[in-house]
Amino acid sequence: MALSAKTPRFPLHQHLQNLNSHFPGTHNSNKTFTLSFKPQKPHLFSSTLNRPQNSLNTTATTSITPQNPTNSRLLQLCLSGNLEQALKHLASMQEVKIPVEEDCFVALIRLCENKRGYSEGEYVWKAVLSSLVTLLSVRLGNALLSMFVRFGDVGNAWNVFGRMGERDLFSWNVLVGGYTKAGFFDEALCLYHRILWAGIRPDVYTFPSVLRSCAGAMDLVRGREVHAHVVRFDFDMDVDVVNALITMYVKCGDVVSARMLFDKMPTRDRISWNAMISGYFENDECLEGLELFFRMRELSIDPDLMTMTSVISACELLGDERLGTQLHSYVVRTAYDGNISVYNSLIQMYLSVGHWKEAESVFSGMECRDVVSWTTIISGCVDNLLPDKALETYKTMEITGTMPDEVTIASVLSACASLGQLDMGMKLHELAERTGHILYVVVANSLIDMYSKCKRIEKALEIFHQIPDKDVISWTSVINGLRINNRCFEALIFFRKMILKSKPNSVTLISALSACARVGALMCGKEIHAHALKAGMGFDGFLPNAILDLYVRCGRMRTALNQFNLNEKDVGAWNILLTGYAQKGKGAMVMELFKRMVESEINPDDVTFISLLCACSRSGMVTEGLEYFQRMKVNYHITPNLKHYACVVDLLGRAGKLNEAHEFIERMPIKPDPAIWGALLNACRIHRHVLLGELAAQHIFKQDAESIGYYILLCNLYADSGKWDEVAKVRRTMKEEGLIVDPGCSWVEVKGKVHAFLSGDNFHPQMQEINVVLEGFYEKMKTSGFNGQECSSMDGIQTSKADIFCGHSERQAIAYSLINSAPGMPIWVTKNLYMCQSCHSTVKFISKIVRREISVRDTEQFHHFKDGLCSCGDEGYR
């Protein structure tokens, strides 16, 4: 298979594949053309190939001055650099059918090359073809080869090469260099072997291109073969060739061989030093590279631009800010002060070691900035969690007239995603469409991420489907986008499609595991866990904690403990375990785990204390919770944030200390946010304290009138207190504000397959059986006098709050599981809304009748039902 780095900028013409009259090929390539040759008996160092028998020599015009005055005029226009007039003159000569002499064509081709006129060059090439009666001469063919290779059009270059009657070494070298530059490494190496088979002796210009192809393909075996040729042809003392050998070896990871060549060089230039120094850095041997740099300075060899940028980049890799600062001082003292490339490297170095202010200072001090300067500082803002600063910098960049590149657009889109700036993101999307940057995968991936985080998942899917060559980041972005938009089923479907086409990385697996945890897809999560272990990624980065989180959120605490004990126990792993037990209301267990965590010398962070406070709140451990709040500040010097204050309010409120909770809010040193007042509102709902609840709601809606959860809490407060008129008012306000309650949805996993049940959806194939089972339970509840089988009734205008904010979908999920699973098997249900009182009572009754353990995870907590009792102790359901 051909080792080609990228698709060429220009399409390769179909007819190039049919030039077998010159080079019959046997080598298959994955490109749109093939290039290889049958071995032929070599002619010892002949300068040309054998011509085909039907070839005719092109009569070369050897005179410098054309014989025809019209041709003389064309040549003068070319020599004066007037391309536009020269092309017009050529067109007029073609109209009257005046032959164009070869000197004129050569001069015109060189002018197109110098003027970077690709379309003009193609026009001249067509003119050459129209006037060509025999094969191209060496001189004219070489001029065309040089032009097309300069433009990166290896398709037309190959066409020219095939039409040449004879070729010299320059012809071969130009084409080999063209293929190497375009990334067609295997084709370049095939051409090199054809040179050898043809008996043509390579020169100092042949080997650097061939060695670059070996380096690009990372083919050390062929690189060593070419090295042997270098020695055989006596070029092993040529500085340029040895420099290319050093570069080849370091690119292929053989730093030892590269250093041996370097040490044996009788003379070295700066390129030699740069190749060896940068080679060390590229192979993560930064200390050796820096040692060689210091040796270079001891020998009074001044570093050039490439040396400086490489060494500064090494400081970035090592995180050596002291050396980086010294290099910065050296730059200021030398001729590199003000050099854009060096300053860009300094900015990147300071950003990598976390010195944002120094990076900004270097950027501000630059007299001239290019797009790399702007992009580096913008991406630095994003990486340092300063998305506002990134957008501000980008707007300044626009004012200066600097056009962004694909990396700039991707960085700014990341800032838009962080801030939810949909309008700005859409403007960048339009810009990417106009400039063609949308064709870059990095831009498309950033757009998917931006639209996903701005809740425009359909637009993200549209862009995903438009990407022709999706990489692992494309798949990961769309999987994560679907997950955060509550479309976890689709996320898992995309994940299954991905593993058939691409290899997921650890970030992909984390996103998929999170989707499994969201809907309780335990078996699917276990499959992903197995895939991670099989791929050798089970212990990579955050993946062990993602697996732990899956088992915790699915309620499998025994399996979670096993996973916890198998891996390195960092603060994240402890926090996940603490949170899992806190959601189950296991306050004593959480306290014991925290004690073990401290004893194992793991310092708790702010998330740890959120878990501790939540556990104390759910377990009614008010004194212990307030003690942890004080210890956090005094013992661990962690400044409480808004989440900690909200937990304390919830702690006091759930315990019925509503006035103390209110006073605590009033004494806060920072302004309370809606979440803190929401905790008080929820406590008022539990204890049916309407007046204080209304006060909390007033504070909430002053700051946040769009979050639907607070309206639901207020409705629940009024409904639990029997104030149905107030419920109607709140619902009317929600309708006026355009707020829509998500339909209730429950998921249950049966025999490895996850089934979803949506409120009001009767299209499940077993819905009739499910309804029969539920009706049977309702009849038994009536007979036994069990309260709660029906929802509370209201007047004919309004629906009950249970129907509005619960949907009862968990009942269908439980009934389906009872029908399709073996007797005695536990049932695990995950729900997207809170569990209403009616459903809570009904599931308690079912667990007693069927003698099964039933677990329901709603938005607030785990409810573990067994023998007619719930693990929550009926808190909030009395």
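Note: Cβ is positioned from N, Cα and C throughout, glycine not excepted.
Look at TrEMBL and you will find 46-65 tagged as region 'Disordered'.
Per TrEMBL, the feature repeat 'PPR' maps to 168-202 (among others).
Positions annotated as repeat 'PPR' by TrEMBL: 269-303 (among others). Each residue in the repeat 'PPR' (269-303) has a pLDDT score, and their mean in this model is 90.
Residues or ranges marked as repeat 'PPR' by TrEMBL: 339-373 (among others). Applying DSSP to the repeat 'PPR' (339-373) sorts its residues as follows: 25 helix, 0 strand, 10 coil.
For 440-474 (among others), the entry in TrEMBL reads repeat 'PPR'. Per DSSP, the repeat 'PPR' (440-474) is made up of 26 helix, 0 strand, 9 coil.
Residues or ranges marked as repeat 'PPR' by TrEMBL: 570-604 (among others). Note on the repeat 'PPR' (570-604): residues 542, 544-545, 548-549, 552-553, 555, 557, 560-561, 564, 611-612, 614-616, 618-621, 624, 632, 636, 638, 861-862, 864, 871-873 of its chain, located 6 or more positions outside it, place their CB under 8 angstroms from a CB of the stretch.
Under the heading repeat 'PPR', TrEMBL lists 605-635 (among others). Mapped onto DSSP helix, strand and coil, the repeat 'PPR' (605-635) counts 27 helix, 0 strand, 4 coil.
Annotated domain 'DYW' per TrEMBL: 799-874, in sequence order.
Applying DSSP to the repeat 'PPR' (269-303) sorts its residues as follows: 26 helix, 0 strand, 9 coil. Secondary structure counts, DSSP: the domain 'DYW' (799-874) has 31 helix, 16 strand, 29 coil.
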